[in-house]
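*Asks:* Once you've had a glance at the structure underneath, I'll fire off some questions.
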Amino acid sequence: MLLTILDYTGTFVFALSGAAAGVRQRLDLFGVLVLSFAAASAGGILRDLLIGALPPAAIRDWAYPALAGVAGLLVFFCFPLVHRLRHPVQVFDAAGLALFAVLGTQKALLFDINPLAAAMLGIMSGIGGGMLRDVLLAQVPQVLKAEVYAVAALAGAAVVVAADALGLPPVAGVAAGGLLCFVIRLLAIRYGWRIMTARWPGTGDGND
Amino acid sequence: MLLTILDYTGTFVFALSGAAAGVRQRLDLFGVLVLSFAAASAGGILRDLLIGALPPAAIRDWAYPALAGVAGLLVFFCFPLVHRLRHPVQVFDAAGLALFAVLGTQKALLFDINPLAAAMLGIMSGIGGGMLRDVLLAQVPQVLKAEVYAVAALAGAAVVVAADALGLPPVAGVAAGGLLCFVIRLLAIRYGWRIMTARWPGTGDGND
Amino acid sequence: MLLTILDYTGTFVFALSGAAAGVRQRLDLFGVLVLSFAAASAGGILRDLLIGALPPAAIRDWAYPALAGVAGLLVFFCFPLVHRLRHPVQVFDAAGLALFAVLGTQKALLFDINPLAAAMLGIMSGIGGGMLRDVLLAQVPQVLKAEVYAVAALAGAAVVVAADALGLPPVAGVAAGGLLCFVIRLLAIRYGWRIMTARWPGTGDGND
């Protein structure tokens, strides 16, 4: 029950991030709605496909497309409100990342997937929506370039797996992991945390 | 039976659209064939994955890759013929969109998916092939930018769901929905119908 | 057993190709790791999704992400070594293509998929990883542009299907097909083999 509410929340915030990215690229209303749904649902659909939970919740349950639609309309018609948040796409994206990374891990554990695979699935469902959003706008996904992105999802998923191994109630692991992932990501944005980049002579000289 | 023939037709026209896009981008013969197959099959494969109809028809039935191959060869070797149609990619794309949107909805209903989810699946199978075609060419998909694209698929899918709810024979809903979707899309191309775009001060200023 | 070792090898070399592409694009460490995993696993995950072998081996078996991670770290920290190979991305990519094309075909045959569909699945699992790698870097995938790419995968898959039809042991078909695909691809790179490109008047003039 709580997990479903958190899943709806993650859907909503990722939809906000997709819609905000779409409005910035001057897409029309339906383009914005398609992008909302893609960003909101791609991670969860990928997770459900991979654990064989078919049809995926994001298709079966009308609340997912409805939430994505509401988020899309909200951003489209009230963009100035959304815009007040300094980096709306990134903040909503961080919240969606945190929620989906921990919920994806938890759902995979419920399907008797082993812990390492569950964490992988959590990370994939956390980053899937944002990746599709960026790919559809013909941009290199944030996850590949951004400061401390995949590592935040990894931290959140690890907490969920550890809580499960310790026999703690799922909600504790999900709450702690989600909070950790969200805070790491926000701090990384705020302070521009960067992980090292390889800078070898000879890199970046074309597509050899 | 009729549904299968329509599915083959949708595969063929989407393959034509993929091949025409590939020839325009000066891909070689096999690149054109890969793009034909991707555009022709992505929507149906996505639909079959999501409803759990595995392996997908586009893989199981040799007619799908064969049709995609014929369409690819036809466009590659007879491009001037295809070119006479003023906007070949867009017209074939419109026909594929219409056929897959209504057939995807109908197939999902046959798999006992609820009406709203069936319409979602129809829209996704309608737009999936064209999205993959454009993403593979590193372009923003038409569905996100084009005049009245997703809304045409939505109209077609809605007719199929309504016909099913009224107990009409599937073929009636598919025919009416497909025609409606195709006509809406063609008129949108012809007359440049546009849906409103959000134009707020502060949009489009970078990737803030 | 041998098939699993070859699958691990394919995962490793595709991960090297993904990591090398990531380092060239100056991604940070975790971006490189995500790209390693995406390139290494996308083909196999797609194959397993399409034949209904869930959860996919690349998720279920911790060796796959571990191998992708090792390959990513290796490339990231020892790029000059990798760089000595004149065209590292392309050579690793060729080896991954060959291994996954034949193993994908063989695995599909084991799941009682018909021969033509098995070859299609092999080709898709061979080209899937490289396609995702390039799409994530916002580039047109090599398979669409490169000299004799899909045709090499097709040759390898055809040998596996033929060996199966002749009742030869799987390992014979896999070895011969994989070698054939790899050699064709390397020769195509070395000698710049090109398949004809359609050059009609009127192509390439915008997105008409």
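Every residue gets a Cβ built from N, Cα and C, even glycine.
Pulled these features from TrEMBL for this protein:
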DOMAIN    A:5-78  domain 'Glycine transporter'
TRANSMEM  A:6-23  transmembrane segment
TRANSMEM  A:30-50  transmembrane segment
TRANSMEM  A:62-82  transmembrane segment
TRANSMEM  A:89-110  transmembrane segment
DOMAIN    A:91-163  domain 'Glycine transporter'
TRANSMEM  A:116-136  transmembrane segment
TRANSMEM  A:148-168  transmembrane segment
TRANSMEM  A:174-193  transmembrane segment
*Asks:* For the transmembrane segment (A:174-193), give me same-chain residues lying six or more residues beyond its boundaries with a C-beta closer than 8 angstroms to one of its C-beta atoms, as numbers and ranges.
*Replies:* 3, 6, 87, 90-91, 94-95, 97-99, 101-103, 105-106, 126, 146-149, 151-153, 155-160, 163
*Asks:* Can you tell me the mean pLDDT for the domain 'Glycine transporter' (A:91-163)?
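*Replies:* The answer is 90, the mean pLDDT of the model over that range.
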*Asks:* Cβ under 8 Å to the transmembrane segment (A:116-136), counting only same-chain residues 6 or more beyond its ends: which ones?
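*Replies:* Residues 14, 17-18, 21, 35, 38-47, 50-51, 93, 96-98, 100-109, 142-143, 149-150, 153-154, 156-158, 160-161, 181.
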*Asks:* With a Cβ cut-off under 8 Å, give me the same-chain residues at least six positions beyond the ends of the transmembrane segment (A:148-168) that come close to it.
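*Replies:* Distal contacts: 94, 97-98, 101-102, 104-106, 109, 115-116, 118-119, 122-123, 126-127, 142, 174, 176-178, 180-182, 184-185, 188, 193-195.
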